[in-house]
Amino acid sequence: MAFSSVRIVLVCSLALTTQITCTSPGTFSIDYKNDCFLKDGESFRYISGSIHYSRIPQIYWKDRLLKMYMAGLNAIQTYIPWNYHEPVPDQYDFSGDRDLGNFLHLAQEVGLLVILRPGPYICAEWDMGGLPAWLLKKKDIVLRTSDTDYIAAVDKWMGKLLPMIKPFLYQNGGPIITVQVENEYGSYFACDYNYLRHLTQLFRSHLGPEVVLFTTDGAGLGYLRCGALQGLYATVDFGPGGNVSASFAAQRYVEPHGPLVNSEFYTGWLDHWGERHSTVSSAIVAKSLNEILAVGANVNLYMFIGGTNFGYWNGANSPYAPQPTSYDYDAPLSEAGDLTDKYFSIRDVIRMYNKIPEGPLPPSTPKYAYASVKMTKLQTVSEAVDVLSHSGPVKSTFPLSFSEMDQYFGFILYRTKLPVDCSKPVPLSSPLNGVHDRAYVSINGVASGILERDKSITINITGTAGSQVDILVENMGRVNYGKGINDFKGLVSNLTLGSEVLRNWLVYSLSVDEAVSKGLLRAGASQVPSSQLSTPAFYTGSFSIPSGIPQLPQDTYIQFPDWGKGQLWINGFNLGRYWPSRGPQLTLYVPVHVLSTSAPNNVTVLELEGAPCSQGACTVEFTCTPVLNAMGTDGRPLFNKEDLS
Ligand SMILES: *[C@@H]1O[C@H](CO)[C@@H](O)[C@H](O)[C@H]1NC(C)=O
Ligand SMILES: *[C@@H]1O[C@H](CO)[C@@H](O)[C@H](O)[C@H]1NC(C)=O
Ligand SMILES: *[C@@H]1O[C@H](CO)[C@@H](O)[C@H](O)[C@H]1NC(C)=O
Ligand SMILES: *[C@@H]1O[C@H](CO)[C@@H](O)[C@H](O)[C@H]1NC(C)=O
């Protein structure tokens, strides 16, 4: 190893000799004199890894935490996504995969401390950076500022959350050593110190005077200017390959004394649909990690395991670029929790500073390629609209957005009639780029094109006056970073036909997940022999776990040969979006707990563009190997990390 002879010089002096250990069950604070943390009266530094419980099924939490512990980490860092726990105002969900208390208990049981990041904004490549989309009911709300309606909602949420957190603080016998306030606030345009001051008081009032509160910002004075605030310990984040001392110099500028902390040391990077899969070499990660540890700094590896954006939870960047279902991140533990070469490289670096726990390493989980599943067509969305939409349509002269319909995720159907004959092709346009985010257009049940935000704002259509125009609009995930987080969905501006604004809409709120899990979808009308593009439709198939193999069921991956784009459920569990024609992700991760051994497993697909079923059998296929790095057939230019910084 290139760095095996490095001398370990801790900036933080480890003189503990005659200190009397504290009397209380636990203390955790900042030692400004010795530039380090102080845990139970002793110098302490953490080597932590990020794990987002919201991206991992609860059954696997312990396995992943144990693998993190066995890598030599002494802490984990996790975000709390507000919108995951308060899907509609005043309805809180902390059960099952959302059981935060259970997650914190498990971390402690495994032997890991916790660095908690409760937001309210978290970024995290998560829908709207974790903020609930119902905040957008106030159309001109200024998120992440002193806006009174925003603050009222934050106060209420934190009034629920923080008292739940309090018993888990280290001072109270729990694993939580530090709590972050907001997230990279210095990167946001608003620079509202009153907002940060308000959050500080709010956190203090619920959590008490002792807990270490901190902020995280990019390692540059430009970020720290608006992100740091007295009373909140300022930390920085930066990736591998850069100048570690220059990055920490930025932190030292605002915190002349106290521990050095890199709160997000990037082990990999995020992906977008249509861009190349991001990878970062283990060697570069190991080299920079060693430099960070050598100066005695605290570090959190972001991500240690990325996991999966199940359902509709992915976020997006601007110009509009949604992130795919996998949040593998090229992290040391794969999306499925498997050990990678990077895991062992990182462990080898940590080993030079800390003792690695003894004992067997939990192995990667086995995968099984079940038989391929023959899919048959059910109703189209248009045919099933009565089943999908409980309350029936809302009549409106002009289109209504998702928040105006009180629906926040998934799909909405907009229906109107052609006001005039279009015997020659006439442009159907969204002149203000108001299709958020993708619209599947059909005339009298025949697909006629796709509009896409920032990519395609006009298509030509034909049809006779009075023909039914159905436009299914997909919310592909809200922007999670920057000014664009007020990301309204649906048709957020008018559509025009030629020069005329289309009017007199029926707007259908759709409960697709409910219809799928209750098995309400029926066989459709006979298949319209179609060209390449077909109208959005459901497909179903089933498969059984082979009997006589005692190790089954196991995790698996599913792929969609020659399918277009859509959403996948198995036994009603929404596994996320697939889009092999755009890539780079071809397979979706299927964790074992969604599978059943006692009944046939039901696979349901909502295919938005066209299934390969006109050529006879169409199948989805299971495989043991994930494919996250393929380019789709309409692949876009290669992705540069520098583009995002
Ligand atoms: C790294 O930054 C430090 C402090 O800003 C500077 O003194 C040093 O020359 C830099 N090292 C390299 C290799 O650029
Ligand atoms: C629509 O049709 C017109 C006339 O045929 C053509 O010039 C134009 O390029 C078409 N637009 C699109 C978006 O296909
Ligand atoms: C649609 O157009 C009408 C008439 O021009 C206008 O009053 C309305 O505000 C527009 N709606 C949106 C969402 O842009
Ligand atoms: C799949 O659907 C069938 C028919 O509705 C049902 O009998 C079966 O229990 C379902 N399987 C699972 C695992 O829910």
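Each Cβ is built from the backbone N, Cα and C atoms, and glycine gets one as well.
Curation does not apply to TrEMBL; its annotations are automatic.
It should be emphasised that the depicted structure is a prediction, and the values quoted were computed from it without experimental measurement.
What TrEMBL records for 1-22 is signal peptide. The annotation domain 'Glycoside hydrolase 35 catalytic' is assigned in TrEMBL to 37-352. Annotated active site, proton donor per TrEMBL: Glu184, in sequence order. Under the heading active site, nucleophile, TrEMBL lists Glu264. Under the heading domain 'Beta-galactosidase 1-like first all-beta', TrEMBL lists 399-510. The domain 'Beta-galactosidase galactose-binding' feature in TrEMBL is assigned to 536-597.
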C-alpha spacing of the residue listed as 'active site, proton donor' relative to Glu264 (active site, nucleophile), in angstrom: 11
The residue listed as 'active site, nucleophile' CB neighbourhood, other CB atoms within 10 A: 23
Number of other Cβ atoms within 10 Å of the Cβ of Glu184 (active site, proton donor) across all protein chains: 22
Integer mean pLDDT for the domain 'Glycoside hydrolase 35 catalytic' (37-352): 98
The domain 'Beta-galactosidase galactose-binding' (536-597), counted residue by residue under DSSP: helix, strand, coil: 3 helix, 27 strand, 32 coil
